[in-house]
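**Student:** Pasting the feature list from TrEMBL:
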- 444-465: compositional bias 'Basic and acidic residues' (COMPBIAS)
- 21-415: domain 'Major facilitator superfamily (MFS) profile' (DOMAIN)
- 428-473: region 'Disordered' (REGION)
- 20-39: transmembrane segment (TRANSMEM)
- 60-82: transmembrane segment (TRANSMEM)
- 102-126: transmembrane segment (TRANSMEM)
- 147-166: transmembrane segment (TRANSMEM)
- 178-197: transmembrane segment (TRANSMEM)
- 226-251: transmembrane segment (TRANSMEM)
- 263-285: transmembrane segment (TRANSMEM)
- 292-310: transmembrane segment (TRANSMEM)
- 316-338: transmembrane segment (TRANSMEM)
- 350-369: transmembrane segment (TRANSMEM)
- 381-408: transmembrane segment (TRANSMEM)
Amino acid sequence: MGGAVVDDAPPGVKAPDGGWGWAVLVGCFVITGFSYAFPKAVSVFFKELIREFGVGYSDTAWISSILLAMLYGTGPLCSVLVNRFGCRPVMMVGGLFASLGMILASFATSIIHIYLCAGVITGLGLALNFQPSLIMLNRYFSEKRPLANGLAAAGSPVALCCLSPLGQILQYHYGWRGGFLILGGMLLNCCACGALMRPLLPPKKPLELEESGRLLDFSVFRDRGFVIYTVAASIMVLGLFVPPVFVVSYAKHLQYEDTKSALLLTILGFVDMFARPLSGLVAGTKWVRPRAVYLFSFAMIFNGCTDLIGSQATDYVGLVVFCIFFGMSYGMVGALQFEVLMAIVGTEKFSSAIGLVLLMEAIAVLVGPPGAGRLLDATHSYMYVFLLAGCEVTLSAIVLALGNFFCITKKQEDQEAKMEMAVTASEKEGLNRAVEAEDDEEEPRERENGKMKAGEEAMTVKETGEGGDETQL
């Protein structure tokens with residue numbers, strides 16, 4: 001995902017679709033991995049945090065929610081900073097913030113401190129890294145953009161496969177405080193990735209851009225497709241991130257050891273890392289690309305049904321099967337969501353549209369996992385948590401598919417009808433003008449012909465008159 005970072009590159013710059021773009025892709029791959037794996041990977045520390053501070057599941061779930069909310073909700077801030085300073089310096093400062101937050105969280109004395117440090121500071125740092133990296137990737141790739149986005153999105157499951165077991169090992173050997181400290185040091189790699197984001201041209205903005213200082217274009221709300229997408233995406237994220245956050249705790253609740261429980265996230269991430277680039281390849285084909293919204297709807301229904309069925313798992317094998325299918329559907333959703341948004345609003349308004357979408361989603365992300373944690377505290381059953389998540393994601397798929405079918409298709413038909421009417425009217429007008437022109441051309445001819453006929457008649461009369469006189473003589 002990304003934020004509302006305005007593309008300040010001068011118009012007319014052609015994306016190289018390669019070259020240094022592959023280095024940018026590597027940096028975006030790493031940044032994406034840190035940005036989306038961290039909110040899930042920290043869930044392996046939840047049990048220790050519950051023991052340390054005497055809190056409930058809903059309290060610890062706020063850590064992941066705040067991380068995701070900062071990642072989603074800081075689009076306008078990233079927009080201003082990137083337009084003012086450029087992508088590279090913003091990302092390098094963001095790497096320092098991300099590292100500092102985890103280091104400070106290792107000294108926390110209450111759960112509130114962890115909210116502020118690991119949630120707000122680290123979340124802001126990751127947002128300042130991820131959102132500009134997405135814009136840089138889109139600057140460097142055009143024709144190969146679906147594949148590039150799919151490969152970059154694969155950074156999330158790859159990092160999850162590594163960070164989840166690593167977090168478990170760090171917790172076992174050094175405790176949660178030592179684990180937070182080491183993870184904070186690892187986040188300094190974001191600064192190195194930021195250094196890879198070389199601008200295509202010197203970051204000199206045109207005069208009109210400096211004067212306008214563009215942030216967000218709210219005119220996208222006039223687009224039916226954008227409104228439907230925003231509503232559907234906001235419903236989706238209520239439940240999309242719940243299973244990865246709670247699946248490890250689910251396994252521990254079934255009395256499986258910690259290492260075996262953490263392996264579930266590794267399995268999920270392993271499947272996810274192949275699903276994302278494959279989905280990007282499929283979405284880039286000529287037949288699928290115009291219909292990507294329906295493929296996206298299918299991915300959401302697939303994900304929601306996986307949650308509903310996975311809620312009935314009662315042993316480790318059932319959870320493994322759930323993680324396999326969840327990884328497939330989750331990877332499809334991650335690879336397709338921004339391709340679909342760009343197809344709906346177009347390249348020009350994409351920066352503003354993605355920022356507004358993420359602002360709406362940030363509220364849902366902030367509510368989703370804690371709400372599921374509160375439900376877990378009330379029922380003491382993970383079944384209801386997964387059922388709720390599945391219903392929310394499935395509902396979002398229905399909203400997107402039906403809204404697109406009935407509203408967007410109808411809108412296109414109306415536009416086509418208007419175009420046909422306009423063409424018909426213009427054709428009629430053209431015919432009328434042609435007839436008028438022919439009439440205008442015929443009038444002088446008739447006048448000339450009338451004059452010629454009148455002259456001939458006069459000559460005939462004159463000749464006849466003269467002949468009559470001669471006859472009389």
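Cβ atoms are placed via backbone N, Cα and C, with glycine included.
Each of the listed features needs to be described in terms of its position in the shown structure.
**Tutor:** Tertiary neighbourhood of the transmembrane segment (20-39): same-chain residues 1, 63-64, 67-68, 71, 91, 98, 122, 126-127, 129-130, 133-134, 136-137, 140-141, 148, 151-160, 162-164, 183, 187, 189-190, 193-194, 196-198, 241, 245, 269, 334, selected by CB-CB distance under 8 Å and a gap of 6+ residues from either end.
Same-chain residues lying 6+ beyond the ends of the transmembrane segment (60-82) with a Cβ under 8 Å from its Cβ atoms: 1-6, 8, 35-36, 38-40, 42-43, 46, 49-50, 90, 111, 114-115, 118-120, 122-124, 126-128, 130-132, 135, 215-216, 237, 241, 245-246, 351, 354-356, 358-359, 361-363, 365-370, 372-373.
Long-range contacts of the transmembrane segment (102-126) within the same chain, counting only residues at least 6 positions beyond its ends with a Cβ under 8 Å from a Cβ of the stretch, are 31, 34-35, 38, 42, 49, 53, 55, 59-60, 62-63, 65-71, 74, 94-96, 177-178, 180-181, 183-185, 187, 190.
Same-chain residues lying 6 or more positions outside the transmembrane segment (178-197) and placing a CB less than 8 Å from one of its CB atoms are 23-24, 26-28, 30-31, 34, 38, 45, 87-92, 94-96, 98-103, 105-106, 118, 122, 125-126, 129, 132-133, 136, 163, 167, 170-171.
Residues of the same chain lying 6 or more positions beyond the ends of the transmembrane segment (226-251) and with a Cβ under 8 Å from any Cβ of it are 39-40, 43-44, 46-47, 57, 61, 64, 68, 72, 160, 164, 220, 260-262, 264-265, 268, 300, 303-304, 307, 310, 313, 316, 319, 322-323, 326, 330, 333, 337, 340-341, 344-345, 353, 356-357, 360-361, 363-365, 367-369, 371-373, 376, 382, 385-386, 388-393, 395-397, 399-400, 403-404, 407-408.
Long-range neighbours of the transmembrane segment (263-285) within the same chain, counting only residues 6 or more positions beyond its ends whose Cβ lies under 8 Å from a Cβ of the stretch, are 37, 40-41, 44, 144-151, 153-154, 156-161, 164-165, 244, 247-248, 251, 292, 295, 299, 319-320, 323-324, 326-332, 334-336, 339.
Within its own chain, the transmembrane segment (292-310) has Cβ neighbours under 8 Å at 232, 236, 239-240, 242-243, 279, 282-283, 318-319, 321-322, 325-326, 328-330, 332-333, 336-337, 339-340, 343-344, 386-387, 389-398, 400-401, 404, counting only residues six or more beyond its boundaries.
Among residues of the same chain six or more beyond the transmembrane segment (316-338), those with a C-beta under 8 A of the stretch's C-beta atoms are 1-2, 36, 134, 149-150, 153-154, 156-157, 233, 236, 240, 243-244, 247, 250-251, 254, 256, 260, 264-265, 267-280, 283, 292, 295-296, 298-300, 302-303, 306-307, 309-310, 354.
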**Student:** Taking all residues of the domain 'Major facilitator superfamily (MFS) profile' (21-415) together, what is their mean pLDDT?
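**Tutor:** That stretch averages a pLDDT of 84.
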**Student:** Can you name the far-off residues of the same chain, 6+ from the ends of the transmembrane segment (381-408), with a Cβ under 8 Å from a Cβ of it?
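**Tutor:** Same-chain contacts beyond the flanks: 224-225, 228-229, 231-236, 238-240, 242-243, 246, 249-250, 253, 293-294, 296-298, 300-301, 303-308, 310-312, 368, 372, 375.
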**Student:** Below 8 angstroms Cβ to Cβ, which residues of this chain, lying six or more residues outside the transmembrane segment (147-166), approach it?
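**Tutor:** Contacts with the transmembrane segment (147-166): 21, 25, 28-38, 40-41, 44, 133-134, 137, 140-141, 183, 244, 248, 259, 262-263, 265-266, 268-281, 283-284, 327, 331, 334-335, 338-339.
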